[in-house]
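Quick look at what Swiss-Prot annotates:
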type: MOD_RES; residues: Lys30; note: N6-acetyllysine
type: CROSSLNK; residues: Lys30; note: SUMO2 cross-link
type: MOD_RES; residues: Lys52; note: N6-acetyllysine
type: MOD_RES; residues: Tyr151; note: ADP-ribosyltyrosine
type: REGION; residues: 228-260; note: region 'Disordered'
type: MOD_RES; residues: Ser232; note: phosphoserine
type: MOD_RES; residues: Ser233; note: phosphoserine
type: COMPBIAS; residues: 238-251; note: compositional bias 'Basic and acidic residues'
type: MOD_RES; residues: Lys245; note: N6-acetyllysine
type: CROSSLNK; residues: Lys245; note: SUMO2 cross-link
type: MOD_RES; residues: Tyr252; note: phosphotyrosine
type: MOD_RES; residues: Ser259; note: phosphoserine
Amino acid sequence: KNKRLTKGGKKGAKKKVVDPFSKKDWYDVKAPAMFNIRNIGKTLVTRTQGTKIASDGLKGRVFEVSLADLQNDEVAFRKFKLITEDVQGKNCLTNFHGMDLTRDKMCSMVKKWQTMIEAHVDVKTTDGYLLRLFCVGFTKKRNNQIRKTSYAQHQQVRQIRKKMMEIMTREVQTNDLKEVVNKLIPDSIGKDIEKACQSIYPLHDVFVRKVKMLKKPKFELGKLMELHGEGSSSGKATGDETGAKVERADGYEPPVQESV
């Protein structure tokens, strides 16, 4: 019995305090080329050790970034989720993974004396991504209206919801993911819905409030490189060491931004 006790004691005394951060590396996170600001931030990962490879620990990480940080503008109530799909050198290349409205924006729109209309739809893009889009809109007073409330009849609500679903389906079905994200950035879909429903009942605050990624096609590096504005170099890069190629393309960031 005593033997075991002393053995345990010895083990406790020997333990050295190792700073866990000494085993970790910082990686840069890069957003796709559709956004103005490509450098989102940094992320930590434990260095490659034995069978545990660092890049595997990074793949699948989701970063939630405000649109204001991606586009350098003031409107900050849209949040985009970006997922790491590939690691090249010290860069994590991300792809669109979803969109959301901030809680405070959502709560500020919901008020009394108006009807809230919500719709959702599952659509597949032309390049095989299955998205679920949620839309929200609110009725508003007509210009000459005196009555305090502006409630839509159930029939009108159903018509508006049908229109919402039609427009969302149409806008996504005919485009690939890149185009869809380009539409989500200024939320042109919401504006289209607002215009289309004007004849049924005047709406305001119409937004695609959320986009979920349900299914993705098989991962292709070439497609991801195209998203990151390096489509031309990706063909050549496959033969040589990819790390150096990407580093170079990365050094040329300002001109890339101007073209966007």
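Note that Cβ sites are derived from N, Cα and C of the backbone, with glycine treated the same way.
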| request: May I ask which residues of the same chain, at least 6 positions away in sequence, place their Cβ under 8 angstroms from the Cβ of Lys52 (N6-acetyllysine)? | output: Thr46
| query | How long is the line from the C-alpha of Lys30 (N6-acetyllysine) to the C-alpha of the residue listed as 'ADP-ribosyltyrosine', rounded to the nearest angstrom? | reply | 45
| Residues satisfying Cβ distance under 8 Å from the residue listed as 'ADP-ribosyltyrosine', sequence separation of at least 6 | Trp113, Gln114, Thr115, Thr139
| request: Please state whether DSSP places Lys30 (N6-acetyllysine) in a helix, a strand or coil. | output: strand
